[in-house]
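All remarks here apply to the structure that follows.
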Amino acid sequence: MTSSGPGPRFLLLLPLLLPPAASASDRPRGRDPVNPEKLLVITVATAETEGYLRFLRSAEFFNYTVRTLGLGEEWRGGDVARTVGGGQKVRWLKKEMEKYADREDMIIMFVDSYDVILAGSPTELLKKFVQSGSRLLFSAESFCWPEWGLAEQYPEVGTGKRFLNSGGFIGFATTIHQIVRQWKYKDDDDDQLFYTRLYLDPGLREKLSLNLDHKSRIFQNLNGALDEVVLKFDRNRVRIRNVAYDTLPIVVHGNGPTKLQLNYLGNYVPNGWTPEGGCGFCNQDRRTLPGGQPPPRVFLAVFVEQPTPFLPRFLQRLLLLDYPPDRVTLFLHNNEVFHEPHIADSWPQLQDHFSAVKLVGPEEALSPGEARDMAMDLCRQDPECEFYFSLDADAVLTNLQTLRILIEENRKVIAPMLSRHGKLWSNFWGALSPDEYYARSEDYVELVQRKRVGVWNVPYISQAYVIRGDTLRMELPQRDVFSGSDTDPDMAFCKSFRDKGIFLHLSNQHEFGRLLATSRYDTEHLHPDLWQIFDNPVDWKEQYIHENYSRALEGEGIVEQPCPDVYWFPLLSEQMCDELVAEMEHYGQWSGGRHEDSRLAGGYENVPTVDIHMKQVGYEDQWLQLLRTYVGPMTESLFPGYHTKARAVMNFVVRYRPDEQPSLRPHHDSSTFTLNVALNHKGLDYEGGGCRFLRYDCVISSPRKGWALLHPGRLTHYHEGLPTTWGTRYIMVSFVDP
């Protein structure tokens, strides 16, 4: 490690006063067995960070004995993430090694903890150490830090890393004691420079048998070596392999700027996730929300920062969350004037449902970052706020237990994995580029597609996540988490947590829901959700396709045949019918029912109606997609042997009124088959109407709103529209496969 002390502080080291070193015959030989019970791992940590707990978890997996120095003490070793330092570690180790000064049979391995993972067993470690022929073996790296000028004093090596790294070393207790007892410097002086100068003394190096692990047989420092490291999967264990030297290191050290890469490796090594066992620690340290007792208080912060499809459905889902509403405070920031009517419609229900509510509207003129800072700080300042649940309006939580599940995962920060339907776009990044933007990790696709299931340490999350309230109060007390930089608010948020060493976890153990696509949401339409069949097909179907359509397609006896080869089935929801009619009336340019029609290629309509074509309102492509997706499969199930591409040139809404055009004379349609959907209710919106098929003398007099009539067109099914006697009747017609 390094810290902020000036580099040249100990250019002059005191002379070493060492007892005679072991002779060559006393040094360990490759065949000498070493008892793992004589091995002690010593590390340093001032706080039980998530990195430290990860280190302990890996040590426990292999049954290492670990002694931690410095817990609860103040760190005085400098800002080792940015400059030199770390001398405090040597001072602590010096004091500790006094206990083992005479233990010739004991082997000590010293490693950092926050950025270290153990990947092999004590037996393997000791075997490799003995094979090294050393009394003290340091890890090695490609950089001569902190003084590059010392590089020429290092012995040349044929293959491997040349320079010492102080983040890990292993040796006999007596030898380590002889080394560290020479420390007489400041806590923020540099530990690596101290060990480097001792190693560069040729006489001392030979006398004490000091060596470097040039080929990463034991220690793998990641800085400068990321291209050398790959994951090696066994059935119930994962470790790393150094492909440059064909070694299997035991200590993985994310030194320097490689913390995120270590987090990635730590998702697997040693048993984070294995092909056979799956997630190896997902069930550790969980909490259970006991029944009969009040669950933790939650601050639910909802953000509507952009025009978002299906917002009324999102607001209604808040009422359905499987969590006691009297334990939830709701904060809602709406940045869009367009959505004010939607929120106004739902706000009375939300007020009655949750224990407390706060609405911040567009009139406050808060930026997205400022709004998020405001919400998070309200939780931070409230000692009763146990969890902060941030939820963006484009996150569709179909799993109503999401909040409960995330709380029980018992992490400081955790997000549910969400992705766009059928896409790889998700609410997390598996890696970062050098400029801290998106980069795809090797396992990204497997995580999004849930081919690997577990809890993952990732560098970026957004749109939905849960944070412990005490984490905000104790570890992230500053208010400007989102708006404190020029970057995107979510990127600033994630960097704030990463810089504090707080892990950003992602769970894909459950199906939580999905994300909406919002970039092409056009609010110029009266009902813009209607246009979302391409971008958000699942949500579009839920809102606009009849709830019984799927049952009808599966042959559950819903489809009726009121006339020969005339099939009747549920297709559109009431909302779809209403919004389609509203769009047409909003457009308002009805044809007038004349034979002359400039919209047609020939300019003449033989059987004219008062209508508006889908093309006129910009809905042609969307309607054709509906035909392909929903009408085509139904047609092929009703007419076996017929395959349709669901092509249609004529797609239009017809309006019938007694004083305008009440009926339609007998005619054949210019189609292979025709789709005719009732868009409003007989008896409520109009009287009369219906359809008569003359060849069969068969009348359908009571069309059902949202139900479609499907019948052959140009040859057999000669038909007429019966008179509408009162009100206004609307139908949607498509001439399919003309």
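Glycine is treated like the rest: Cβ placed from N, Cα and C.
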Looking at Swiss-Prot, which one of CYS494, CYS577, CYS691, CYS698 makes a disulfide with CYS563?
CYS698
In Swiss-Prot, the residues ASP112, ASP115 are said to bind Mn(2+). Which of HIS253, HIS333, HIS339 is said to bind at that same site?
HIS253
Would you identify which residue of HIS586, HIS613, HIS719 Swiss-Prot lists as part of the Fe cation site it also attributes to HIS667, ASP669?
HIS719
Name the residue from CYS282, CYS385 that Swiss-Prot records as disulfide-bonded to CYS379.
CYS385
Which one is it: of the disulfide-bonded residues CYS279, CYS282, CYS379, CYS385, which Cβ has the fewest other Cβ atoms within 10 Å in this structure?
CYS282
According to DSSP, how is the domain 'Fe2OG dioxygenase' (647-738) divided among helix, strand and coil residues?
3 helix, 50 strand, 39 coil
Could you say whether, by DSSP, CYS563 (disulfide bond) belongs to a helix, a strand or a coil region?
strand
Out of ASN63, CYS379, ASN548, CYS563, which of these recorded positions is nearest HIS719 (Fe cation binding site) by C-alpha distance?
CYS563
Would you count the other CB atoms within 10 A of the CB of THR46 (UDP binding site), including those on all shown protein chains?
18
Quickly jot the same-chain residues contacting the region 'Important for dimerization' (672-715) by Cβ under 8 Å, restricted to those at least six beyond its ends, or write none.
546, 562-574, 576-578, 580-581, 627, 631, 634-635, 638-639, 644, 653, 656, 662, 666, 721-738
Predicted model, mean pLDDT over the domain 'Fe2OG dioxygenase' (647-738):
95
State the count of C-beta atoms found within 10 angstroms of the C-beta of ARG729 (2-oxoglutarate binding site), not counting that atom itself.
28
